[in-house]
Amino acid sequence: MTVPRRPPSLIAAMAVFAAVVTALTPMTTLLLPEWFLPGAAVVAVVVAVGYGARWIHRGLALPAGIVAWLAILAWAYPGSILDGVITWGIRHVVAAAADQVVTGIAPVDVDPPLMFLLLAAIGFLAVLVDQLAVTIRLPILAAIPLICVFVMPQLAVPRGDHLAFAVPFALALIAMIAFSSRRLSRTRTRRIRGAGGIAIAVVAAIAALVIAPRVPVLPAADSGTFARPTSIDVSIDLGDDLRARSTEEVLRVRTDGIVAPYLRLATHTRFGETGWQIDGGASQPLEDGFDPTAGSGVVGEIESNDVRTWVSDVELDTEYLPLPGDAVSVTGAGDGWNAMLSSRTARSSSTTSQGERYRAESHPLAPTRAQFDASPWADEAGLGGTYTNSVTGEAIREALPDGATDVPDAVTEGAIGEAAREVTADDRTPYETALGLQEWLRSPRFTYSLETPVEDGFDGSDIAAIEQFLDARAGYCVHFASAFALMARSLDLPTRITVGYLPGDLTGRSIDDMSVYSVAANRLHAWPEVYFVGIGWTPFDPTPGVAQARNVVVETGGSGIDDPGPTAAPDDPDEEETSPSAEPAETDDATDDPAAVPLPGAASTATAALFALLGVLLLGAIPALVRLGIRTWRRNAARAGDAGVAWRELRATATDVGLGPSRAESPRAFGARLVRSGAAAEHVDPLVRAIEQRSFAPREAAGVDLALPLRRVARALAPRRLAARIGRALLPRSLWERPRDTDPPSA
């Protein structure tokens, strides 16, 4: 009687679909997710075609899957195919996609060439996994490429929230292993338990790879599933955002200026008992722009520059729009934005900056050193009277936001004011005073630290926190900026604090001959600004380890402030910051040739690639390592005479080389078959006699060393060809292929 053919398993096919799709989810952190739904559709088509083909004949599944894959490639090809001829060479498609991957910053835009390669790779992966798991019924072997695909994004861009992706992936693997195994009847419970154990081991390996690069900063909140925008707090309390050290890209920028600009989000002028408060004040629709930037005439005519800045790919969940500090107009932004006139920032009560693309026109002033030195003290300029150049105190008050000169007595009369007077005792002008404060805070007396304020209990910006900071002399940008601003106010200098982003890193790409910069979330920064009569608000940066702000200026002429060079960076590269001066410093590496500029993160990219390779090798070696551990334990037990363990190892050895026992074979018949396959009878017979003695003798005989015959049998049965031996070692079948007979009865 002919045994009816078992129909293909729909549940197994669905499990394969779920496993492949969940393995792809971490890729959404490297690539913008518009590829994900088409990729899932490709997987669905391949799996469905394979399932339908198996209804006709199991052998048709592979050719049908390949045909479906090729049809998908023809549909997704970013060119045209006429009469079977590809009119756009595949070489150009691959080159364009490779260039996008190499030069892009995560998450990368998916252009048509890259989309084509993605869908091609996803389709191939689906065909491979479907054949291994369902057609050949080796689901654990099918899990290996899925694990590699799942882990690779974490090795490239470490993120704590990748662990959340591991949960559905593990469940899908359990289902695939459970419902794609060879026997689908009475042993299902045992298979599910085995699949669960394997999945737990897989999740443990994935968790180790996911967590290791993030310790001790877990869990990450850089961005969520499918690259959610980064949420930030534009208040002066930046500690949590900075300690997250996220490398997620939050925007891209290009400019026709000399270097990338510093982008401000909000300013803080009022200082109260709890610290700094965000500025409000008069506003108007952003399309109406800001007031022009110009000096008041007190220090003579000040030259200015015209700079255009394009901002795109904004991934920020905030009601503030990143703008250059001297912006006068903004075009292209969405509706609902208001220009905050006193701070030159943009704010909305009805939208966020996510997805915005716009252009900002800026007119940064370029005063000379002589003009800075000519700027008088604010009180001498007329806050209480009239200055000789006919600039009234009322005019100065109108130029300053409320609170710019307010300072509590506890600051002036306390440790902050005392330190300020001591540091600037020999300075004569407001500009010299500001430089003196900056140089003191940037000196080796102070160190940059994100942890000291937390450990010592002064992680804030109120008076007590700043006094403790001046005593500990360790903190981050908030503490340095607050200390500078309060010390300057105690000396009658109007100040405020700005929160925004430092310049980004070169991506290696250019648009209209303008280099494109990528700004990451960890470039969030705070810096102080000082108001100089006749010049206006001028940024400084007292934080150590950042490029120097306006401390080098030309003596004469109208060329403006020299581009200062960088200073020593902090010990921790994650804590590196760069000075937000109005004209940021151009580093020594700068060159007009983008090809001559080392790609940002080249070293980290190489390191990530190395770890990715090591990770793949480790994952590929997991089955061999597991088998090695089992073999070692069993041989140690066999050396002590444990016949049952020795027999299980013999069966596993035979299974690894395709000679596993059948259900009907007795131990003696199985041993005879091994002898016929090349094992020596003198090595097989002791193992057969030992298991028969244990199974049928009234009591177990004294144990003899069974490890030596086990090793000799394994050596005799090993394949002769090197490639076959390596394949059997890396993928030992005994891990997932149960022997086809039951265990011998115990004595």
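Counting begins at 1 with the first residue displayed.
Cβ atoms are placed via backbone N, Cα and C, with glycine included.
As recorded in TrEMBL, the features of this protein are as follows:
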- 342-353: compositional bias 'Low complexity' (COMPBIAS)
- 469-544: domain 'Transglutaminase-like' (DOMAIN)
- 342-365: region 'Disordered' (REGION)
- 556-599: region 'Disordered' (REGION)
- 9-29: transmembrane segment (TRANSMEM)
- 35-53: transmembrane segment (TRANSMEM)
- 60-78: transmembrane segment (TRANSMEM)
- 114-133: transmembrane segment (TRANSMEM)
- 140-157: transmembrane segment (TRANSMEM)
- 163-180: transmembrane segment (TRANSMEM)
- 192-212: transmembrane segment (TRANSMEM)
- 608-630: transmembrane segment (TRANSMEM)
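Per-class residue totals from DSSP over the region 'Disordered' (342-365), listed helix then strand then coil: 0 helix, 9 strand, 15 coil.
Secondary structure of the domain 'Transglutaminase-like' (469-544), assigned with DSSP and counted as helix (H, G, I), strand (E, B) and coil, comes to 21 helix, 36 strand, 19 coil. With pairs at least 6 apart in sequence, the transmembrane segment (163-180) and the transmembrane segment (35-53) have fewer than 3 Cβ pairs within the 8 Å limit; the two do not touch. Within its own chain, the compositional bias 'Low complexity' (342-353) is flanked in space by residues 229, 264-267, 279, 281-283, 286, 290, 314, 316-323, 325-327, 330, 333-336, 401, 496, which lie at least six positions past its ends and keep a Cβ under 8 Å from the stretch. Within its own chain, the transmembrane segment (60-78) has Cβ neighbours under 8 Å at 38, 42, 45-46, 49-50, 52-54, 86, 88, 93, 112-113, 115-116, 119-120, 123-124, 126-127, 130-131, 134-135, counting only residues six or more beyond its boundaries.
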